[in-house]
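The next block holds one structure in the form of structure tokens; read it before the comments.
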Ligand SMILES: NC(=O)c1ccc[n+]([C@@H]2O[C@H](COP(=O)([O-])OP(=O)(O)OC[C@H]3O[C@@H](n4cnc5c(N)ncnc54)[C@H](O)[C@@H]3O)[C@@H](O)[C@H]2O)c1
Ligand SMILES: NC(=O)c1ccc[n+]([C@@H]2O[C@H](COP(=O)([O-])OP(=O)(O)OC[C@H]3O[C@@H](n4cnc5c(N)ncnc54)[C@H](O)[C@@H]3O)[C@@H](O)[C@H]2O)c1
């Protein structure tokens, strides 16, 4: 058992905060630790802080929470920093999307071949990427030995950027690989009997190994496809692991795209809502359509509302949350009820990897994770140094990436990962060199661009948004990061 | 001096045949050699054969020409094979372009980001690529030790394909690097005082080294751009080395694109005729616009006509060709007159590399060439084995590639060569595996594609063209090469 200081930046995040608090309180190995919740939104911060304290108390856990709006206070002497902040918030993402659409870019200029995820902004959210670097550089001063657990998106661009701009140990986190569990369950298999691996980049991972009790699991998948694919229906906009898009990608690339990867296919699946519906199912057309993303935003809002409600009603026992959820207005989505079930249990974990990862490191408990770390020959067809998402055992000595076997197919590497990597390189080149021409060139290579002038106009309008003054200056003065 | 057998496949090629004959007759080191002219077009073949014989006689050269329409006869015991055939001819290229344009693909489906050259068909001219392989495999039987000098386009796809489908020694040839001379001349410099290198892929080469008497030549180029760029005008559609497109690419990529490379920029320069005119100059909008390509086709036709005219008028002395050209109708383009000047001289060479390359090899005369050979760490950022275009000294031992120094910029490699390489890989994957899905995926990544159905439709219509029966069968039966 070791007591550490964990800073959570953007602790008001509707998605993550309560899941992390849940895991923290239930991980005995971290007893005695201090958790510094940091956010710039006071109301959200108070809400999470209040719940965290009540939760600790109800569980009788040995954990101290503090709240702060000062980044430096949170980072000072931290052992672990979890960055889950979204600078500008969802408002900014929607504003940029709106401007983009006006200029002919359906779903926004950041929606790109192999990156269609609607809050994964690689070029237009300068403030977000800049903040990643600011946090890492501040860590160099205030907690140089701490680990940075990068959760805020874009994880792929972000982790590479942080590595190139600082010496901080950064690891990227995502839960996309749980898609393997979904698929295995749909096939009626027991995950315990499945030997699997995924590899690639964040939001771009592929099932390179799939062995079921010594036999080729892909044969079972092929049978499932033949029998069930035509009757498949999504339960939520995010239920895409076995969508027609995923199957189509599997057939072309030779391995199954996992988690968020089926969302990140080409325009073939994404030209418009109608096409999205065909490939990602009715009624939403996947998570990243105008309908699917609305569903997600409503869910986030419901979560925020729930936290507010719980904060106001201090008499509610968090460990009996299920009971209250039943009473709550019908509007509460099923997903949130599932979350509440976990929260209300005395020992169920959220499924996020962060806290167990910390526990494995500080208490030397080897566990398997799927993490984003620099390639060191793990995927030999990709350059070393670029951050890859791979399975690894983590213990006190750090991460030990598994041998990726069998390798990713040629098509996955050459036709998917390489062009995806190029876009990452361009995004980093632009921001690190303050080079607007790279942003424009990025869009020149976008199929929705019909003229050079169109690309320039959309970039200019985004840079002129209130809140983007620093971005504008950065690119006008060609500031280097 | 060594006598060898050289087979020229597609000897009726208006572009090449007379230039090769010219060089052959003037290269003393190859005296006693046999040149086998092969073509399937009897009329063209007769024309070239007739001229070749007369030329040899007038020059008093010691060289034997034979003509044949049988590929096996030409290849049998050859020491060198020059493939310059265009299967299907320009008629086929235009037919495919017409169908493509009907389906929304301006300038044809083979016109692609980084490959806009109008007779460089990488996906729709199956018969051409298949012929490359057929020639190489026939060579394995009839002249297994011979060198294959690949001149017919696409040289990049072709040389890689041949290497993957046969054991024949293949080298790709192009004269694009003469763009360096053009540029150096425009800057008022003496090429003899310039230390230069280019590197990349065929039609994708960049001036990595440019030193003028110990000083950085790029500074002189920058000055030229500042002073002269705004008054630049092309003399022909192919006069593009210092076009606004070339300069724009230079500014973005950090090195000057050479030869055909400025033609192979992105859609930014190529959306339509108006845009092409802006970037490649008035009145043609470059070589690959509807106007520029018409100009080129007229030139080819004029060359063919000239050969026919000379064949009919046997009294004309070829070594006095200049005189006759002066008398000829005004329609003869300036370029052709230049060619005639070279032809009429007793010792001027064409500038093509093929014959000197052969001379260097067989007579051990070290000379510098720019050739397409498999990468072996020459461009360390690119995979070994892929064919690169680089400067090399050639002697009896073979080629000795120069150390590429300074290296290509990161932007050239990551943003230009890598995506260009991906398209080559896809084209080869399609043909080698008979996989139509790869052809369609190729088009899915094309900005002109608005729907999956559009991509399928254009491919289907092209495959249904008379003459494409083998292509259709190849992809329907998924035949492997
Ligand atoms: N890696 C993953 O598995 C995963 C999964 C889902 C979401 N995400 C990412 O997590 C991030 C948060 O998503 P969300 O939907 O919860 O967003 P959100 O807007 O609901 O929450 C983000 C929080 O960050 C705070 N914040 C903004 N600027 C800040 C700053 N400068 N300093 C400190 N805090 C600041 C906001 O006040 C807010 O409370 C996004 O980048 C999202 O893409 C990651
Ligand atoms: N590498 C370079 O530097 C360079 C420069 C210009 C052109 N080219 C290429 O050279 C090729 C020829 O171009 P062109 O404009 O002279 O074409 P062309 O059609 O005028 O000549 C090609 C010749 O090939 C012959 N041919 C067709 N099918 C044949 C077959 N199966 N066997 C033998 N001969 C056959 C034709 O009859 C014709 O005489 C093209 O691929 C072109 O892109 C290369």
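Each Cβ is built from the backbone N, Cα and C atoms, and glycine gets one as well.
TrEMBL annotations: computationally assigned, not manually curated.
Quick look at what TrEMBL annotates:
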SITE      B:113  site 'Increases basicity of active site Tyr'
BINDING   B:153  substrate binding site
BINDING   B:174, B:203  Mn(2+) binding site
DOMAIN    B:198-449  domain 'Glycosyl hydrolase family 4 C-terminal'
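Listed in sequence order, B:86, B:117, B:119, B:120, B:121 are the same-chain residues six or more apart from the residue listed as 'substrate binding site' with CB atoms under 8 A from its CB. Averaged over the domain 'Glycosyl hydrolase family 4 C-terminal' (B:198-449), the predicted model reaches a pLDDT of 95. In the structure as shown, the Cβ atom of residue B:113 (site 'Increases basicity of active site Tyr') sits within 10 Å of 20 other Cβ atoms. B:153, B:174 are the recorded positions among B:113, B:153, B:174, B:203 whose C-beta comes within less than 6 Å of an atom of ligand 2, given in sequence order. Neighbour counts of Cβ atoms within 10 Å were compared across the binding-site residues B:174, B:203; the minimum falls on B:174. Contacting chain A by the Cβ rule (under 8 Å between Cβ atoms), the recorded positions B:113, B:153, B:174, B:203 reduce to B:113. Counting only the Cα atoms, the space from residue B:174 (Mn(2+) binding site) to residue B:113 (site 'Increases basicity of active site Tyr') is about 20 angstrom. Distance between Cα atoms for residue B:113 (site 'Increases basicity of active site Tyr') and residue B:203 (Mn(2+) binding site): 12 Å, as a whole number.
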